[in-house]
Amino acid sequence: MPVHRAPGSEHTEYQGRSRRRTRRGRRRIPPKAIFRMSMLLVLLTGCGFGITHLCQSLSQPDAPVVVAQAADGEVEGESATLPVSIPDLDVMPCYSEEAYVVSYLDVAPGVSVHPLLQELYSAQAAASITTAEGEPIVVAPVTTNSGGSGVDNIASWKAQNSDVIGWLKVPGTNINYPVVQGPTTDYYTAKGYDKNYSKQGVIWVDSNCSVSGGLSPNTVIYGHNWTNYSANPRIGSPSDTHFAQLTAFQHLSFAQSHPYLYFSTEGNEMVWQIFAAFYTDIDFNYISSAGGQWIIDGAKARSEHIYDVPVSGSDKIITLSTCTRRFGSSNRQRFVVMAKLVDSANTSVSITANPNPVRPNL
């Protein structure tokens, strides 16, 4: 059968493949060959970049990395040089998992810190104490702004961010921060006090809660825990920020020594008496701003300790919530501290171990 040829071209058959020559007799490069050569060029370029980067790394001193706590509770070395990778979200703290993906991509050093936040982190000389249980307590004090009260600090911070509505201080920890409230509950999940991106986040109030116009029955406050979420949480470390030291209340001796916390709003210094510290799954709707006796009863049943503190549905309560991985890798578990509004911190509180707390249903 005759082969039809285009004018000025030559067509030959060889092992089932057709080859076509141009009018000038030059052979066209098949598309597959072009693709293979492109991939080879990319590979060679990448290898060259990698070798250059390796040589630069070897010629520079090792840079220290931030001390991080692994999921098993072990603390990694202070000056180890480790490859940066995006971890499995199932073993990391959680609020918005999408936010954590973004935050782990942000690993560049030299990120600027808001001046007021820098003041909070400036005092890191920690005092070490040992409890009767032989557990170390590392208290990392922080420096507040002008004045010694929460109200004074609120005024200073509100000038920088109008979303600042309160101040939270938890004795025995370095939780001593301004509290903000955004237009939605997840607004500050991955934002700093300057409203720019920050994986550390802030301390923030649930958007469903009322603060300035009179407190809701249940004021719910969130904070991230990046460093103390394992099955065996420390009582404290200078590297902890935001709600990482909240899990100290798991330890009976610590809870017995710190029965009160302080949350203040503009013009109103408030004292809160703790009545529960517990682990829970998110099926327990403890974050309802409406409060209610059923939340109080559920919190006490789950509490690690039995607090001799009477609480009724008519009491104003505060809920501090953070993430944990004490019971495995599920991101549905939380550690929570609840307290009720009282007139002063003068009443002694009996706190004993709860032999049978209700555990998270994971």
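The count begins at 1 with the first shown residue.
Every residue gets a Cβ built from N, Cα and C, even glycine.
Residues or ranges marked as region 'Disordered' in TrEMBL: 1-28. Look at TrEMBL and you will find 7-16 tagged as compositional bias 'Basic and acidic residues'. Taken from TrEMBL, the feature compositional bias 'Basic residues' covers 17-28. Residues or ranges marked as transmembrane segment by TrEMBL: 33-54. Taken from TrEMBL, the feature active site, proton donor/acceptor covers His224. Here TrEMBL flags Cys323 as active site, acyl-thioester intermediate.
Around the Cβ of Cys323 (active site, acyl-thioester intermediate), 22 further Cβ atoms fall within 10 Å across all displayed protein chains. Of all Cβ atoms in the shown protein chains, 27 besides its own fall within 10 Å of the Cβ of the residue listed as 'active site, proton donor/acceptor'. Of the recorded residues, the residue listed as 'active site, proton donor/acceptor' and Cys323 (active site, acyl-thioester intermediate) place their C-alpha atoms 7 Å from one another.
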